[in-house]
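Chemist: Let me give you the structure first, and then I'll get to my questions.
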Amino acid sequence: MKAVHFGAGNIGRGFIGSLLYDAGYETIFVDVNKEIVDLLNARKEYNVVLAAQSKETVTIKNVSAINSMEHPDHVLEAIAEADLITTAVGPTILPTIAKSIAQGLRLRVEVNKTPLNIIACENLIGGSTILKEHVFDQLSEAEKNTYNDYFAFPDAAVDRIVPNQVNEDKLQVMVEPYYEWVVERSKMIGVIPQIDGITYVDDLKPYIERKLFTVNTGHAVAAYLGYHANIQTIDQALDNKDIRNQLEQTLLETGTLLSKKHGFDLEEHKEYIEKIIKRFLNVNLADDVTRVGRGPLRKLGPNDRLVGPAKQFVEIVKEEPVYLAKAIAAAFHYDVESDDEAFQVQQLIEEKGIRAAVTEVTKLESSSHLFELIVEQYEQLKTSK
Ligand SMILES: NC(=O)c1ccc[n+]([C@@H]2O[C@H](COP(=O)([O-])OP(=O)(O)OC[C@H]3O[C@@H](n4cnc5c(N)ncnc54)[C@H](O)[C@@H]3O)[C@@H](O)[C@H]2O)c1
Ligand SMILES: O=P(O)(O)OC[C@@H](O)[C@@H](O)[C@H](O)[C@H](O)CO
C-alpha cells in the first residue's frame with residue numbers, strides 16, 4: 001500500500017508518517033524543502049523520539065520523498081498510484097498543493113480508476129472540504145461529476161504537539177507521547193484504511209471543535225500572553241500565575257460553549273482540559289511561544305480558535321467571553337518580526353488603527369459588544385507592556 005503525504009515537516013514526519021509506517025504503508029512525502037527531501041531519499045528512514053524521560057525512539061522506514069519544485073511530474077505519477085493521500089502543510093498552502101492534486105487526479109482517472117481518500121491533517125475546521133474546493137476549482141464541470149464518484153475528502157482532526165526541532169540529525173523528530181487522529185468515516189469512499197491510531201466517526205464537527213477550541217485555544221492563550229510577558233516557552237508561560245489563570249478561565253468559556261453546543265458532559269470536559277494542561281507543562285518539549293503563536297492573521301480569522309468560539313459563546317451561551325476577548329487582544333499585540341502574518345497585522349494597526357484592524361482581520365461587526373471588549377482589552381494590554 002502506498003500513501004502520498006504532502007508536507008514532510010513536524011507533524012508529517014512526527015505523526016502521520018509514523019502511523020502510516022505502523023499500518024504497513026510505503027510513504028512518499030512531497031515537500032519543497034530540498035534538504036529534507038534529499039535526506040529522506042538518501043536514508044529511506046528517520047527516527048521519532050518521544051519527549052518523555054525515557055526518550056523512547058522508533059525508526060520509521062519505507063519512506064522516500066519528491067521535491068515538488070524539481071519534479072512536479074513525479075508527484076502526479078505518485079498520486080495516480082496512491083492508496084491514500086494525506087497532507088500537513090499548513091492551511092495557507094492548501095491552494096498551492098490543490099493544483100498538483102487536481103493534475104494528479106486527472107492522470108489517475110486515465111490510468112487507475114480506483115477510489116481514493118484525500119485527508120487534510122491541518123488545524124482547520126473542514127480542512128479536507130476546503131482542500132476539495134481548491135482542487136475542484138481546477139476542474140471542468142464534467143470532471144467534477146466524474147471525480148465525485150471516485151475521490152473523497154473526509155475531514156479530520158489531528159492532535160500531537162510537535163515543537164520546532166533543534167536536533168543535529170535534520171530528519172529526527174521529537175514528539176509528545178500523546179496523539180489523537182479522528183477522521184469522518186461518513187465522507188469516505190472505497191475501502192476504509194486500517195490504520196491503528198485513527199478513530200473513525202460519522203460526524204467530525206464536535207471532535208474538531210473540541211480539539212481546536214481547547215488544545216489550540218489554550219495554546220494560543222499561553223503563546224500570546226507568554227510572548228507579551230517576554231516568556232520563551234509554553235511550559236514557562238504556564239508557570240506564570242496570571243497566564244495560567246487566564247488560560248484556565250478561557251478554557252472554561254470554550255468548555256461551556258462546547259458542552260452547550262455539542263452536549264459534552266462539563267465535568268468530563270474539565271478532565272479533558274486538565275489532561276491538555278499537563279501536556280502543555282511537558283518541559284521536554286520546550287515548545288517556543290513563537291511556534292505556537294505563528295500566523296496570527298490565520299489564528300485571528302473569523303472561524304479559527306479565538307474569534308470562532310468567542311462569537312459562538314455570545315450566540316449560544318449568551319454572555320460576554322471576557323477571557324477570549326483578552327486572548328484576541330493579546331494576539332493583536334503579537335509583533336514577532338520574522339513572522340510575516342504578525343508583520344501584516346502590525347502594519348495594519350499602524351496604518352489604520354486597532355478598530356479598523358479588528359474589523360478587517362476578525363470580520364466582527366464594530367457595533368458588537370465583543371468588538372468593544374477586544375478593543376478595550378487591547379488598550380489595557382498596551383499599558384502593561
Ligand atoms: N506541530 C504540531 O504540533 C501540529 C499538531 C497538529 C496539527 N498541526 C498542523 O499540521 C500542519 C503542519 O504543521 P507542522 O507543525 O508540521 O509545520 P511544518 O512547518 O513543520 O511542516 C510543514 C511542511 O510543509 C512543507 N511545505 C510547504 N509548502 C509546501 C508545498 N507547496 N508542497 C509541499 N510541502 C510544502 C514545508 O516545507 C514543511 O516541511 C499545520 O496545519 C498545523 O496546524 C501541527
Ligand atoms: O499549528 P498551528 O499554527 O495551527 O497551531 C500551533 C499549535 O497550537 C499546534 O501546532 C499544536 O501544537 C497542535 O495542534 C497540537 O495538536
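Using N, Cα and C of the backbone, Cβ positions are placed for all residues, glycine too.
According to TrEMBL, the protein has these features:
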BINDING   ALA3, VAL4, HIS5, PHE6, GLY7, ALA8, GLY9, ASN10, ILE11, GLY12, ARG13, GLY14  NAD(+) binding site
DOMAIN    1-196  domain 'Mannitol dehydrogenase N-terminal'
DOMAIN    203-381  domain 'Mannitol dehydrogenase C-terminal'
Chemist: Given the binding-site residues HIS5, ILE11, ARG13, return the subset with CB under 6 A from an atom of ligand 1, ordered by sequence, or none if empty.
Modeler: ILE11
Chemist: What residues, ordered by sequence, lie under 8 A Cβ-to-Cβ from GLY9 (NAD(+) binding site) and sit at least six positions away in the same chain?
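Modeler: Counting only residues 6 or more apart in sequence, the Cβ neighbours of GLY9 (NAD(+) binding site) under 8 Å are ASP31, ASN33, ILE36, ALA88, VAL89.
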Chemist: Under DSSP, is GLY7 (NAD(+) binding site) part of a helix or a strand, or is it coil?
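Modeler: Once the DSSP labels are grouped into three classes, GLY7 (NAD(+) binding site) ends up as coil.
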Chemist: Work out the three-state DSSP category of ARG13 (NAD(+) binding site).
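Modeler: In the DSSP reduction, ARG13 (NAD(+) binding site) maps to helix.
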